[in-house]
Amino acid sequence: MKHIRFFIGAMLVIYTVSLTLNFVLILLICVDSHLHMPMYFLLSQLALMDMMLISSTVPKMATNFFSGRRNISRVACGTQIFFFLTLGIAECILITLMSYDRYVAICNPLRYALIMSQKVCLQMAATSWAGGALTSLTHTAYTMHFPICGSREISHFLCEVMAILKLACEDVSAYEKAVIVTSIVVLLIPLSLIMFSYALIFLAILHMKSPEGRDKALATCSSHLTVVCLYYGPAMVVYMRPSSYRNPKLDQVLLVLGPILTPLLNPLIYGLRNKEVVGALRKVLS
């Protein structure tokens, strides 16, 4: 590709800033007692997933460029697919659960502490990690069992399911349909639940008498909806298109917009627009 040096340089800057911002966000949530709330616990899990997600792609890309050897072993390729899918799916599940947290906080505030107990929060985090790992393990094992013949050149920045399937010798059309079905389960159903939760939330906001409470609720929800669009938009375009409509260049662009830029934007969206997080940062710096 053209301007490869600029691209790799930009990726390394994004990677460094993303790791720093997400680490600072996790640190603030740990050290500030005012942030020891269910919403911020789930946010710390999202930040951890973001750090691991971007680390599953960018370091290998940079290593390939600086070493001049753009190759990867079959085991390493399967490992990269596993972690990439695990973290991506886990984040989709976690974002859905975060919308439920906002629903309870706004629509049922008096019972919030009872419903969103520490045990429930831990179960939500465990469900996200386990759901991502199990789904990813199935797809990784099935993708890597196909024999590869002819060209072994992966038309992507990383080992990715759809890019690997293009190299397979066998007919993979049935499995590609299974990937689309899985995408519907992992993407469309959670997205539908999120939209339903926010429909109820906005109805509750409209009936709020306090302007301050309404503004705070809208600010929190708008941040979450922005993150939802950043995650679900690129993923739906990549994994829910039939193979006849696939465009490798578009998939590469969406990789940059999704799993690489999103971990950078998340702490900015949740941090700079959140008075509690900004207050905790000022307290630590002072």
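Placement of Cβ uses the backbone N, Cα and C atoms for every residue, glycine included.
Unlike curated records, TrEMBL annotations are generated automatically.
From the options 147-167, 252-272, the stretch TrEMBL describes as transmembrane segment is 252-272. Within its own chain, the transmembrane segment (217-240) is flanked in space by residues 39, 88, 91-92, 95, 98-99, 102, 106, 162, 179-180, 183-184, 187-188, 191, 194, 198, 201-202, 204-205, 208, 250-251, 254-255, 257-258, 261-262, 265-266, 269-270, 273-274, which lie at least six positions past its ends and keep a Cβ under 8 Å from the stretch. When each of 35-54, 75-100, 180-205 is checked for Cβ pairs under 8 Å to the transmembrane segment (7-29), 35-54 comes out on top.
Outside the transmembrane segment (75-100), and at least 6 residues removed from its termini, the chain residues within Cβ reach (under 8 Å) are 39, 42-43, 45-46, 49-50, 52-53, 56-57, 60, 124-125, 127-129, 131-133, 135-137, 139-140, 143-144, 158-161, 164, 186-187, 190-191, 193-194, 197-198, 224, 227-228, 231-232, 235, 259.
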